[in-house]
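Here's what TrEMBL has on this protein:
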type	residues	note
DOMAIN	16-66	domain 'Phorbol-ester/DAG-type'
DOMAIN	79-270	domain 'Rho-GAP'
Amino acid sequence: LSLLPVLPQSLPRHIHHSVAVHTFRGPHWCEYCANFMWGLIAQGVKCADCGLNVHKQCSKVVPNDCQPDLRHVKKVYSCDLTTLVKAHNTKRPMVVDMCIQEIEARGLQSEGLYRISGFSELIEDVKMAFDRDGEKADISSSVYEDINIITGALKLYFRELPIPLITYDAYPRFIEAAKIADPDKRLESLHEALKLLPPAHCETLRYLMAHLKRVTQYEKENLMSSENLGIVFGPTLMRAPELDAMTALNDIRYQRLVVETLITNEDVLF
């Protein structure tokens, strides 16, 4: 099996503006056509990520060159992953880095890691801390003694992504790869599927799989094999794009197999 590592592309992908109808106070000019925005209410649209102000008609032709600005990215959870890393100028979402560092510092030997749920109220508390304080959020043991709260907060982050970590566009290719019986051919197909992910998604997936591989190294203590982690993370990282209920149900076993294979072969695939 000859596989080249998947390297995230160095060139940023074009990001669409997240525009919504907006009422501007005082005189405003369109940043695209430079003409006046007439009216008292709903004169144009504003991008939630970079603050671009344009006519509604102009928004259909502006380039996909959104440069997210921290002043406009108001939250961490439920924010597009690429938008978040561009706004914070990081490789990966800081919530992923911070949670994984905390889990590896004090939770790798915890029985049922990622399988056992923490109190949902406290998980919501962690979410609010990240949304409010960003990288200054305190998720240490002095605040959240139960490591299952941190694992729950990390899983919740991935579940609330508007575009899943394994994107809707790439989803069919990953499912197709999982259906291949021959292990070598399955790896080859997964390797090709990984190339379809945007750079920030691919880098975050690589970092997460390396972490989950380390979790399996403590399987005797935590009882979490790559198969168990696949069961937990399959539906968390992959969501079927508008499939009927029956197909989505059938896909669950393939989602598990995708994640299990990515963990087991993390050193070869990334």
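From the backbone N, Cα and C atoms, a Cβ is placed for every residue, glycine too.
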Residues of the domain 'Phorbol-ester/DAG-type' (16-66) by DSSP state, where helix covers H, G and I: 3 helix, 13 strand, 35 coil
Mean of pLDDT values spanning the domain 'Phorbol-ester/DAG-type' (16-66): 81
